[in-house]
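Here's what Swiss-Prot has on this protein:
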| type | residues | note |
| --- | --- | --- |
| SITE | Arg20 | site 'Transition state stabilizer' |
| SITE | Lys27 | site 'Transition state stabilizer' |
| SITE | Arg157 | site 'Positions MEP for the nucleophilic attack' |
| SITE | Lys213 | site 'Positions MEP for the nucleophilic attack' |
Amino acid sequence: MAATLLDVCAVVPAAGFGRRMQTECPKQYLSIGNKTILEHSVHALLAHPRVTRVVIAISPGDHRFAQLPLANHPQITVVDGGNERADSVLAGLQAVAEAQWVLVHDAARPCLHQDDLARLLAISENSRVGGILASPVRDTMKRGEPGKNAIAHTVERADLWHALTPQFFPRELLHDCLTRALNEGATITDEASALEYCGFHPVLVEGRADNIKVTRPEDLALAEFYLTRTIHQEKA
């Protein structure tokens with residue numbers, strides 16, 4: 001069946017290991033409750049009716065994914081990821097050539113709220129470039145002196161945002177920008193940075209700050225708290 005204008009595919013790069021978690025198990029396979037972090041992240045995407053397919057890019061040597069219920073989900077496609085995030089995203093984009101718009105979501109960002117996702121998806125009505133979920137910087141920001149544990153100066157926090165995911169773009173535009181940026185040796189830290197490199201200005205959609213990425217050991221307990229709270233609120 002051909003994709004419609006309303007249908008959205010999602011790409012989840014899940015080939016990384018996450019050494020800062022200090023565990024032998026890749027962070028996306030750590031459990032919160034009775035699900036892995038990856039399952040929480042993917043189910044949050046599939047909970048929206050516009051998301052019709054999720055492509056998960058995993059490491060070619062990954063033996064854990066096949067043990068998850070996701071492996072047999074009819075809306076899930078699995079592809080081999082690459083050494084870098086951008087390589088995995090490109091592999092996912094190639095698997096959804098029919099899609100007009102794509103979401104890219106971190107495998108280890110399990111606390112996505114449906115209202116944030118809905119507001120992000122709504123930008124496809126007015127934007128030809130796409131945008132990202134982001135949260136305004138609230139803390140005082142310091143720039144350090146290179147190579148020293150010392151403050152160089154305070155960074156003005158006005159107009160500073162924390163980039164979150166999902167990030168949402170026209171598939172062809174994202175594919176072309178990622179390809180160009182990689183071919184030209186640009187540093188790409190997220191999908192929006194590839195569009196920025198090519199001269200585009202994605203929209204900032206304010207999202208909740210509790211949409212955290214599990215990166216360090218202390219993040220796991222915080223994500224568990226946020227998810228438990230959300231489940232209780234939904235049941236209330």
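The first residue you see is number 1, and the count goes up from there.
Heads up, the Cβ atoms here are built off N, Cα and C, so glycines get one too.
Annotated pair Lys213 (site 'Positions MEP for the nucleophilic attack') and Lys27 (site 'Transition state stabilizer'), C-alpha to C-alpha distance, rounded: 10 Å. With a 10 A radius on its CB, Lys213 (site 'Positions MEP for the nucleophilic attack') counts 19 other CB atoms from all the protein chains. Taking the recorded sites Lys27, Arg157 in turn and counting surrounding C-beta atoms within 10 angstroms, the largest count is reached at Lys27. Annotation note: Lys27 (site 'Transition state stabilizer') sits in a helical segment as assigned by DSSP.
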